[in-house]
Amino acid sequence: MELTSRERGRGQPLPWELRLGLLLSVLAATLAQAPAPDVPGCSRGSCYPATGDLLVGRADRLTASSTCGLNGPQPYCIVSHLQDEKKCFLCDSRRPFSARDNPHSHRIQNVVTSFAPQRRAAWWQSENGIPAVTIQLDLEAEFHFTHLIMTFKTFRPAAMLVERSADFGRTWHVYRYFSYDCGADFPGVPLAPPRHWDDVVCESRYSEIEPSTEGEVIYRVLDPAIPIPDPYSSRIQNLLKITNLRVNLTRLHTLGDNLLDPRREIREKYYYALYELVVRGNCFCYGHASECAPAPGAPAHAEGMVHGACICKHNTRGLNCEQCQDFYRDLPWRPAEDGHSHACRKCECHGHTHSCHFDMAVYLASGNVSGGVCDGCQHNTAGRHCELCRPFFYRDPTKDLRDPAVCRSCDCDPMGSQDGGRCDSHDDPALGLVSGQCRCKEHVVGTRCQQCRDGFFGLSISDRLGCRRCQCNARGTVPGSTPCDPNSGSCYCKRLVTGRGCDRCLPGHWGLSHDLLGCRPCDCDVGGALDPQCDEGTGQCHCRQHMVGRRCEQVQPGYFRPFLDHLIWEAEDTRGQVLDVVERLVTPGETPSWTGSGFVRLQEGQTLEFLVASVPKAMDYDLLLRLEPQVPEQWAELELIVQRPGPVPAHSLCGHLVPKDDRIQGTLQPHARYLIFPNPVCLEPGISYKLHLKLVRTGGSAQPETPYSGPGLLIDSLVLLPRVLVLEMFSGGDAAALERQATFERYQCHEEGLVPSKTSPSEACAPLLISLSTLIYNGALPCQCNPQGSLSSECNPHGGQCLCKPGVVGRRCDLCAPGYYGFGPTGCQACQCSHEGALSSLCEKTSGQCLCRTGAFGLRCDRCQRGQWGFPSCRPCVCNGHADECNTHTGACLGCRDHTGGEHCERCIAGFHGDPRLPYGGQCRPCPCPEGPGSQRHFATSCHQDEYSQQIVCHCRAGYTGLRCEACAPGHFGDPSRPGGRCQLCECSGNIDPMDPDACDPHTGQCLRCLHHTEGPHCAHCKPGFHGQAARQSCHRCTCNLLGTNPQQCPSPDQCHCDPSSGQCPCLPNVQGPSCDRCAPNFWNLTSGHGCQPCACHPSRARGPTCNEFTGQCHCRAGFGGRTCSECQELHWGDPGLQCHACDCDSRGIDTPQCHRFTGHCSCRPGVSGVRCDQCARGFSGIFPACHPCHACFGDWDRVVQDLAARTQRLEQRAQELQQTGVLGAFESSFWHMQEKLGIVQGIVGARNTSAASTAQLVEATEELRREIGEATEHLTQLEADLTDVQDENFNANHALSGLERDRLALNLTLRQLDQHLDLLKHSNFLGAYDSIRHAHSQSAEAERRANTSALAVPSPVSNSASARHRTEALMDAQKEDFNSKHMANQRALGKLSAHTHTLSLTDINELVCGAPGDAPCATSPCGGAGCRDEDGQPRCGGLSCNGAAATADLALGRARHTQAELQRALAEGGSILSRVAETRRQASEAQQRAQAALDKANASRGQVEQANQELQELIQSVKDFLNQEGADPDSIEMVATRVLELSIPASAEQIQHLAGAIAERVRSLADVDAILARTVGDVRRAEQLLQDARRARSWAEDEKQKAETVQAALEEAQRAQGIAQGAIRGAVADTRDTEQTLYQVQERMAGAERALSSAGERARQLDALLEALKLKRAGNSLAASTAEETAGSAQGRAQEAEQLLRGPLGDQYQTVKALAERKAQGVLAAQARAEQLRDEARDLLQAAQDKLQRLQELEGTYEENERALESKAAQLDGLEARMRSVLQAINLQVQIYNTCQ
């Protein structure tokens, strides 16, 4: 606590800070006159000048904003020293203070400390009543400020603050706030004491109203009580540094009278008066000076003055040593510290300059070592320390760095050196620098960089690299060191290279390379290239058209080089008399010795005319005639005449000819097969010639005189062979031409054109032949392969032979070979003429029509005529007058009419009755059930006429009943009486009695009598309170725990609603389990009836989030306790996060050993109190622990004490209000009243016309005011006395309240413990839980007794259930292998079907219809196809030379008309079959539904048995678990066992055994159904296979149908032929799509069969596919037979024609043709047999399907009986199941209750 001046005057010593400051001030004043030497301390670290009063010598720099008497005398009064008589004085500060002349001057300069004898005679005083006054000190430099002492003459200020500025008043910062009421004067400012050395706080201890005089205000910048981590830190220095100091006085202390009386006299005693102001500090030199000198303009000889100009050390300068001296800037300026002077260091410039500056970036880059940068380096030096030489100078290594001549000029050629002649400035081995070394440009060398490198030329100063690189191609330059001239840059080239850069080959050469000569010759092909020149880079020669390869020696793909005999004319194509053409068949595997289709027989005197349209080149051609002699040694003389279109121009190549040159004679030698006429013929391109060949005479022996009577000469062709030796490639005269000619003759390359058969030319001839061909034909010729007859657009590059399709010949593959016809997109087809019915194996080239014998018919002469069968022995068809034709092979009638069917139309079809074999009367008539077939009201499968009653008996379809099948059967609904009406199966999910006529509504089909606990319009939902799958008859009652189930979902205690599918009960919050019988994880207290509560275990103090399900106790870690483990462990208290303490309780006085877990207060028994329960409580007496209740009167006194405590509390509240409002707050109403009176007085005084009455009123009011003020003063005095008494009473009351507070805490602890117990009791539902436990205990014992009885009896329900389960498992194992085998069989069938689908293609269909396979684009296919359209957008199919339906129009007109009628009949029959198949499908669907329902019921019954068994096992396991629990005491075990033994099963052991046997028997009977249906799997697979065969037959028949329709239209009108064919293809495409869709359906059904092998109902669905196969097979067989019959008829017609031709010149080939026809007939018979086999298989399959359907109906009746028996047994099982559930529920409840008891 600070001491006042008065107290110090009474002998108290001064504070040590002030004494030290005074001592330093005196010492500084003493030493200020002479400069002091450097203090040794400055060299070791920081040093500081002496501290003194900064006001000494600076009185003129001290100002005040308010001073009394500056403008004249001003009165003022004092409130202290009341013992003096004079209390008011005058202030006159117009002149400075003088004790003798002007003692009443109170300027601010009076506060400066002086050592005058009467220093209290002078002070500074402000003007009266001004609260805001400022005192400011403006210093001339920066100073260290340590503390401030202010000694006041009057009251200290009620509020003030001290501010500082370190920038000469530009910005200000607050040091400290002082206030009597900090919250009111400086809101938001923290209160003292400060916690940190730079905290700005508000302090109140220097603002009290006492003492009234000589009160002090002391402020230290650095509080000694607060530790300072670093006194030399910049923040500390900035806090001490000031240039200005300002004291703001903001509020005066008053006595409150100024609020009542605004007169000037009242304010005269309220002002600021200051005796002394001491500002302690020293000169601020940053630790670089120990003394200071007067600053400029400051007094130099003021005694005791602290000067402001530092006498700097450490190489610093400036007013405050804030800078380094010049040339001492190698380190950054820093304030000195203790032990470290941070002196400025001299720059190192090596004597080359005397100026430097500091660079922070340089300093940081050097690692804080050096930051000085030299300025203005001399002597050609540079660098931060002048340690480098300037550019174009280098350091002389022989001289010292400080030598002025250390840097020398560089000697480098500026043209070849870098940077214009700069050299290395110094030596640096690491960087490869050599002082003075020139740095040449990249392409320059030399010591001075004066010459170009090897391979470069043209040294230049403007070139960045110095020299230019020699532009010499290394491949064309002579190897050596210098590739070019260093001055001109010209390169030295190799022998075959030219150019400035040796980068080009000489003409005729290419491929610049590193070879010795540099380039290679072009070597262009003499014929394939246009000239001998080639590309220099690639060597590519300039090729003739369609020649490729670098040398132009190869033929472009799609083109060929012609053979020498390319110019060939066939004799078959010549003109002349009637030509005798002889066609030859090519033997497979042999090469023909002729060209074309054969020969022309030429007799003596006959002439052939060859038309030569053009030749490729004007030159001489040799005439080559190819022929074949007819007899050995045949010779001939021939003459050939050239007929030109006009005279030959004389200037043309052939202008030298004379007319006799065009007539040439030739003689054929014996055994020769060709003839070369002796003289050539000259021909020119672009001119047509006629060559006439005449056979002058011929003979068969060597003697021409012998007459010859044999056959003529067979002429094959005429060939023009160019005379190639006259070409320039042979006749050029150069060495190469001579070599080529010699090679051509040596290897006889000309023989290539002599014979038709070609072999590969030799290696020597091949290039010459290619060159010859390209010369003659100016390149290669296009292949022009016929797109329909060839397999590729490319041909053999030698000769141009295209790759032909089967049966196609010709170089371009554009002709059919002999024995083939119908040239088209697929090539040509073999004639295949029947050897029995045809005259020859050759046929017509376009239609393929063979020459038939008499009686044969058809395209191949291989069948009978229409209406007959059995080729070649044809017989009439037998069809009972109901069909016009039959199968040509089997005789089966085709297209039976009049509703008949059978092989001979001998029976009525389904839906009709009668005998079609009778000639009249018993024809087939429709069955009236109730209407005939084809109508919408026909509901019978068939009918018959009763032999006795002659009535029609209808066989109704399933779902119909009545004499005429006019009503719906039970279990069905609908209205069959109306058109389109039908009966449908009631969809009741198998939950009705199908024999009950009232089970469903007969009109709407709504289910009315649902069974098996189901409901809904389709019995598809379980009733409320039940759950399961209604479709499987497995609805079970909901089993819900009442404690965990939402009570709103339980209408009664024994019935609750649950999820109808899963059986999940509606649980309360945080309850789980299907029966809502357990809390969710981390929850507890199920017995509350409101859901489970969270465990809320502490996350880190509990072992896990789980807790006891019944008590909620978490599993605590060691050291923790409480229910949630958030408290200390048992018998401990405290905060477990900090520290736990053991309960320190006196065992003699506690109620429970556990103390309060947070306060540690022990829980005392009645009459005991204290924190440890070790003393008697209030109201008890005696010595602990013998505490006895006090006398009865204690209660009365205790009430009095409590009343006093209440009064004390009220007084305390009143005192707190007075503290907040002040003393004046109690007189607020009186003050208001006084102010009103004063207002009246002021009004009267202020009035101008004042009367006597008003004056009297004024006097009265004044007196009243004085009286009231006096009363208020007395009241205030009384209140002050009362306040003192109240404070004493308050102290006593506080002491009493402390005891009451301890009692209150003990009571609160007891109350909280009681609340906890009460909450536990509330949450535990104690009464209800107790009743539930007691009731459950009895039930559990009963359940235990019954369970033991059921489990231990022999036989028991448990053993019976296990036996039934074992039998069921054995039965399933027995059926396992059968199931697997069926599954594998279906997998194999599915694989076969999938493989077959991949083989299907539209190519054959398109080929048969349009004549093209349809696999080529429409633009390139001449016959069109599916989806093709012509230029007009019309569909395009067929055409000329197309082997499709259009091409055979002239052969099938009659067949087409007959086919149309038959197709109409077949469509009618197909419609009837379709209706029957639809009915069969519906029956199969209904049978499947019934079978599925039966299987579902059987599975449901089995599921119920298994579920009962499972629940019984769970029951037994629950009992075992309970008995094995650790907390189960013997009494509980005995009780549970008794309860279980008391349980009884509502059926005897014998009854359960009998019931299980009956169920097993029914299950075995149901297994027979699976076995029977399993046997149908083979039939299903067989039906699927037949379906595929029938579809293939149908596809073939549909193609024939479309072909016939196209034939009919084409014969009627040729213009419409293409349109009708397009219609046919549209139908074929539609049928194809149908076929694909059917195949897709088949795949889907097979996949469905695989998925449903375990369901007997799914197998019944396969009957649909079986019947569909029958329908398709029937239609396909009919169409196939019709087509076969037509083919036979056509064959018969052709046979008759062939018979006529047989008598002609073809008789010698009859046997060959007959053998071929027999082979074809065998193929037809095989197809007929296959069709008959398919028909028989289809008939057998239909019969088998009907038998299976009848068997299923019988099984259905048997199944219904079994179902009723199962329902009866199921009812008994339901009873057992309900009883078992109740037992299980009782046991579970008992287990929960016993667990809770535990």
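Each Cβ is built from the backbone N, Cα and C atoms, and glycine gets one as well.
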As recorded in Swiss-Prot, which of CYS1116, CYS1140 forms the disulphide with CYS1125: CYS1116
Swiss-Prot annotation, disulfide partner among CYS312, CYS344 for CYS321: CYS312
Annotated stretch (region 'Domain alpha', per Swiss-Prot) among the listed ranges 519-551, 1014-1046, 1410-1442: 1410-1442
Bond partner of CYS905 - disulfide, per Swiss-Prot - picked from CYS896, CYS908: CYS896
Selected from CYS472, CYS505: Swiss-Prot disulphide partner of CYS491: CYS472
DSSP residue counts for the domain 'Laminin EGF-like 8' (877-926), split into helix, strand and coil: 0 helix, 12 strand, 38 coil
Neighbour-count leader, CB within 10 A, glycosylation sites: ASN248, ASN1308: ASN248
Contact set, same chain, for the domain 'Laminin EGF-like 5' (522-552): CB under 8 Å, 6 or more residues outside the stretch: 504-505, 507-512, 559, 729, 736, 740, 767, 770-775, 778-782
Secondary structure of ASN1308 (N-linked glycosylation site) (DSSP, helix/strand/coil): helix
Mean of pLDDT values spanning the domain 'Laminin EGF-like 9' (927-985): 88
Pairwise Cα distance for ASN368 (N-linked glycosylation site)/ASN248 (N-linked glycosylation site) [Å, integer]: 45
Number of Cβ atoms other than its own within 10 Å, given for ASN368 (N-linked glycosylation site): 10
Helix, strand or coil at ASN1085 (N-linked glycosylation site) [DSSP, three-state]: coil
Length of the line joining the Cα atoms of ASN1308 (N-linked glycosylation site) and ASN248 (N-linked glycosylation site), in Å: 54
Whole-number Å value for how far ASN248 (N-linked glycosylation site) lies from ASN1085 (N-linked glycosylation site) (Cα to Cα): 71
Residues in the domain 'Laminin EGF-like 1' (283-346) grouped by DSSP into helix, strand and remaining coil: 0 helix, 12 strand, 52 coil
Neighbour tally for ASN1085 (N-linked glycosylation site), based on other Cβ positions within 10 Å of its Cβ: 24
